[in-house]
Every structure is written in structure tokens, then in C-alpha cells.
Amino acid sequence: MLKNKSTIIFFVLFIIGISSYMASAVKVQALRDRLDPTQIVSALNVSPEVLKIASGEFASLLADYLLLKASVYLGGRDEMPEANQKTVSTLFSQSANLDPYFFQTCYFVQGYLPWWKGDYVKKGIEILELFNAHRDWDWQPGFFIGFDYFYFLRDNLTASRYLMEIAKRHEAAKSLGLLGARLAQRGGETITSIAFLKTMYERTENEAQKEEIARRIEALNGVLILEKGIEQYVWSFGHPPETLEQLTATGILKTLPKNPTRPNEAYLYKNGKIEF
Amino acid sequence: MAEILFDHISKTFRYGFKRQTVLDNLTLDIEKGEVFGFLGPNGAGKSTSINIALDFIRADSGRVLIKGTQATDSNSRRNIGYMPEHPHFYEQLTPRELLEFGGLTSGMTRNDIKTQAGIILEKLELLPFIYRPVRTFSKGMKQRIGLAQAMIHDPEILILDEPMSGLDPLGRRLISRLILEFKEAGKTVFFSTHILNDVEMLCDRIGVLHKGKLLYCGDLQGFQKDSNTLEEAFVKEITDRSTR
Amino acid sequence: MNPIWLITKITFKEGIRNRILFGITLLALLLFASNVVLTNLFSLEVGKVMVDLGFAALSLAGLSIIFFLGIGMLSQDIHNKTVYMIVGRPVTRAQYVMGKFGGMTLLLFVVMLILGFLAMVSFGIGSALRPGATMPRNFSWVSLLTTIGFHFLSLLIVLSVSFFFTVISSSIYLAMLFTFCIYFIGHSLETIVKVLIKGEFMEVSPWYVGLMKGMSWLFPNLSAFDLKANLAYGLPYDGAYLIWTGLYGCAYIVIMFLLTLVIFKQKDLC
């Protein structure tokens, strides 16, 4: 009698428990999916040194974990809100400091930080320097830095310095050294830039970034065509054309190439030089 | 009706893939007002029987009745005072708190507990220590606390698992005296032991258990019949069975 | 008197007089003291750092109580047979487990109360010593109590898990290990599933995602109870979220508890 009674109570409680668990779990899941990632993941505003001390022998594990936390924000084509960018960059920087050998972090850093507006290019380069110093057998961090100087900061000289340095590190990067050397010279800049961008294009997986680089390559191809046209114009008339339209007017070029990086698809031309 | 009835109890323990039968069809009854000694070598199944009577262990088959109530019903333990072989307590509590807990769970009022605890602690010579936490107590003192909490609610049946083990002669005499007092009050005592001396002094009837089987149940004279001492009879009985 | 309450009482008394508790309190006090010192190392958002440190101390204290006192006392009861002193009385095993859980809950509650108060004092001292430091945005006592309350609920989940493992495993260390694993997984599984489902960087087989989703049914989502960010940054508390999460936590505890009971009822106490 007593046993039956307690068994019944048990089952009733169990069923109530299970059903309210199911219902609430689904509901909580739904409510949490709607939450902004900042409410789930936040970066502790602590300097990496403090984390290093606190984590002891688990430093590199913590680095993996921080990177994982950052990954919650990553992905998607939409521009990341400013607050999230800050959190992610903090997480990246902490993770990189805890484990400056982990290439995954290095790759993510290059894939995100420089592409954001503001000081993140500098911040990204700062983190990449860390990887460049530690992964001294690897040419990629240096290549990324070189690319960032070239592409975002338009500092060809520094970019070429990095490329020439990494060429010493690895057999496969020899051709990059050549690129770097040519990048430093004024002449032949466009072909070099195209080769450089093509290398980067192959190393990028993010579709949006790939598109952007592809557009830039296309634009540079246009520059190449224009430069050839201008060269021929100079050879024929002894001076560079006043405007680009003179190239089509004189029949040197059939049509002007389009510039996919500008809204009006035109190239800027000043004093015999193409700017874009 | 028997005070405690073991009705065809069997129990097998499993150790990994091995099985060991600890109790094999044990049937035994203990009558009201008697002191029953449960004898047997180490590992015979004495403690297991007692644990089944208190529902710490569930029998594979058979049942135990305490005054007609199934041992699996917690109410059966209302009339039982129990002391384990090595009593362990909540170490931070004082004897006073332990007795209060024991009394209240057995349905006593606070006032009753106070008077009863005074009497029992006096008898067990524990009065000076009632405000000290149990962790500071020696083994003998813990044993006496165990006895005190078994007796606090003035139970009709006392079940003691090896009450004399590890005690000095003074402690043993104290416990013997209490068991006899209990018997005089018309109550039932069921205890297991392998110290035969105590058995001769205290028991009305004995049961001898070996390898989970009951070899003998009855009065002392019947067991001792052609041997000079109880010890001789006991050794003979056990070795006979083992070599057979 | 109800045996459950009596067992709750002795469990609480046994726990509160245990030396381990002094150690835990001392550790928490040290953390609060460092609260005062450490906040000086941060220039921005001192309020947030104080919340982080205060709750870190609460977590640490709560978890140590569960691990060392909760698991320790329950498994000592079973393995040293102290439990005989309780179930040798007219007490059912269900009453014993309920009383034990009640006692540990009460102990956790009292410790949280005391440490929560100390945390507030250290916040006070910390911000007084540093002019210009402010309390977190939108700070209110209600939001603090809500955050502490949900933190407490997540500790109770860990406690119920620890009871379950203590009852099923033969060793105290295994029980501790299992409980710790659940605690750890409960806090990170959600993040892992989120990253996996987005699947931007990893080639994940749907089978694997399914496995992870299945696991999140099995393990408690402890990060759902973490409202520290709301407190630290003054974000609003969503009523529906609180109610559902509260129900979720209670349901998990009830289920764990019933499973513990079923197993404990069958168990041979020897």
C-alpha cells in the first residue's frame, strides 16, 4: 500500500519534472538564441600577462578557449558592431599572448582585424608581429604583415621589407622575396602588386574578403592596360595624355577598362599617373 | 509471535563478475525477552543478516519481520535500538545533539529525551563529555555513545553488531551489565559476536552461522553437549563442516 | 517532528562546524581583499571588474562547499556507514536524501548570504578608496539579488549532480571528477554548439552537430544562469527569460534528485 503510494508520487513527479524540463529547455534555448553574443560571451578586461599568471600550465588551453569564445562572434557577411569588434580583438590579443605559436589564431587575426575600420589594422599587425617572432620557421605571419602594410596602409617600402625577410625563411617563399624586391622599386609596381594579391587570394577563405581582393586584382589589371596605353601615347606624342579619354580618342585603346573599386567605375588620373 | 523473524533469507553479493552467496536460506526467530547470541567466524554473514533486518541491505529472497512488520517498512524500526560494529557519527556534533536527533526521529518529545538522556549518559559514564564534539572522543567512548543512542528511545528490541569488539575489560563489563539490565526489563537483545566468553555469560539461546548457513540454533547446553567448553564445541562444529 | 527537517538540521550543523568551511571563507575573504587592491589596476569600468571578482569569490566558495563538504559528507556517510545512525531509525531513505540535500542547500544559502554581504562591503571599500570609480551602470539591489539568486540556482544544479554521482559511484574521487566534468561541460557546451552550428570555419558533419545537440539535452546549460554581464553592464533583465530559466533549473534539479532517489533506494548500504 505504502510502496504503491510512493511509487505513484514518484512517477507523477518524474513526469512533471521531465515535461517541464523539455518545455523550459526549448524555451530557454530560443530565448538565448535571440540574445546578443555580448550577453553570452564577454572578454575579461585583463591584460594577457595577468591571464598568463593565473592560468599557469594551462595557458595554451586557455588560449584555445579564448579563441573559441571569439569564434562565437565570427562568421556571417554582416558588418560586426563596434562593441563586438572590441571584444573579439581583446580575445584575439589575449589568446595570441597566451599561445603565440597557434596558427589558427594568427589566421583569424588576419581574417578579421585589418578589415575593420579604425585602428584595428595596427592592432592586427601588432598581434601578427608576435606570431612572426615566435613562428620563426613560418613565412605566413610575415606575409600577412607585409600584405597589411601594402594593402591597408599603402606602405610599399615596409611591405617589401617583410616580404624579403620571410623569403630567407622558407624555400617556398623565395618568389615572395622577388615580389618584395620589386615592390620596393617604383617601376613594375602594378605587376608585382597583382602577383602579391593573387598569392593572398589563394590564402584567403573568407568569401567576402576573396571578392574584395578579386575586385582589387581586376582593378590592377585595368591599371596595367591603362599604363601600357599611356606608355604608347608617350612614345607617339612625346608627352603623357591630359585625360584618359585621349587614349580612346587617339585609338590607342578601344575602350577604357572599368574600375570595380569605385562607384563610378572610373580611374583617377593625374600627371601621367593612375591612382585608384 | 516472534520478535524478530528471519524467513528463508538468501543474499548473494556480486564482486565484478564473481558472485558470492553470503546467506543461504536463513530461517531464524528470536523470541520476546531473550538474549540471543549470534555466533560465527568472521565473514559468516552475521553482519549481513543484521543489515537485512534493519533494511540497510535488501535480501534477494525471503523476508524479515520485526514484531510482524516487514523490515522494508521504516516503521518496523520504531521498536529497535541498533548499534553498528564500528559506530561513526557526525563528528562535529555533541553527544547531546546526537541523542536529541535519535530521540526526535523515534518520536519522543524533547522533555522525554532530556530525562532519558540524563539517565543513560550517567549509566555509561559519559555525562562529563556531553558538550564536546564527538571527533574528540576515543574509540571506547564512541562505542558507548553508540549504545546510548541505541537506547535513548527505550526500545523493545536491541540489535547489537559485535558490541564487545575492541573494548577493554572495563568497557566489556559495562556493556554486559547493560544487556542484563535490559533483559531484566523483559526486553529482547539480539547481538552478534565471536567472543565466546560473552556468550556463556549472557545468552539464553545461540545461533551458529557458518558460510551463510545456520548450523545450530538452540540453548547453550545443547550445543556444548559432548565438549568441555563452548570454544571446543564451536571449533569442532566449524571444522567438521569445513572438511565435510 | 519531521525527520527530513531533523536531518537537514544535523547536516547543516555538521557542515557549518567543519574546518573546511573556515578555509573556504578565508579564501573568499582574501579574494574580496584583493578586490580592493586589484580594482586599482584597471582604468575603465571598475564596476565590472568588481562584479567579476566578487562573483568569482562566490563561485569558488560555493563550488568548494559542494565538492569538499557536499560530496565529502555524503560519501563519508555511505562509506563510513555513518548513514546507519540515521536510517537505523524509523527514517526512509527518501527522507534521508531529502534531508541531506536540504541541509546542504541551507548551508550554501547561508554562506552565499554572508559572502554576498562581504562582497558588497568590499565593493564599498573598493569604490571609496578610488575616487572617480562608479558602481556599474543601472545598478540596483534587485538586480544584484537576482544575479546572486540565479547563481545560487546553478550551484544547486551542481549539487544535485554531485549527489547523483556520489550515490552511483563507489569512490569519492570519481564522484568529484564526474561532477567537475558536468560543471565544466555545462558552462562551455553552449558556446561550442554555437560555433559548430555557424560552421563557418570548420567542416562539421551533421552527425557531429546532432551529437552535440543531443548532449545539450543531457547536460545542464549552466551558462544560462550567468547574469553577471547584465549586472556588470546594466543590461535589462527579461522577465520571461528569468521565469523560464528558473523553471529549467528547478526541473533539472527535480529530475536529478528523483534519479538519485531511485538509485539510492536500491543500493545496498554496505
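Backbone N, Cα and C atoms are what each Cβ position is placed from, and that goes for glycine too.
Note that the coordinates shown come from a computational prediction; the quantities given were computed from them, not determined experimentally.
TrEMBL annotations:
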- C:20-41: transmembrane segment (TRANSMEM)
- C:53-75: transmembrane segment (TRANSMEM)
- C:106-129: transmembrane segment (TRANSMEM)
- C:141-165: transmembrane segment (TRANSMEM)
- C:171-189: transmembrane segment (TRANSMEM)
- C:239-264: transmembrane segment (TRANSMEM)
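Using a Cβ-Cβ cut-off under 8 Å and counting only residues 6 or more beyond its ends in the same chain, the transmembrane segment (C:239-264) has close neighbours at 93-94, 96-97, 101, 146, 150, 153-154, 156-157, 160-161, 163-164, 167-168, 220-221, 224-225. Using the rule of three or more Cβ pairs under 8 Å, pairs at least 6 apart in sequence, the transmembrane segment (C:141-165) is in contact with the transmembrane segment (C:53-75).
Listed as Cβ neighbours of the transmembrane segment (C:171-189) (distance under 8 Å, sequence separation of 6 or more from its ends, same chain) are residues 63, 66-67, 71-72, 75-76, 79, 157-158, 161-162, 165, 212, 215-216, 219-223, 226.
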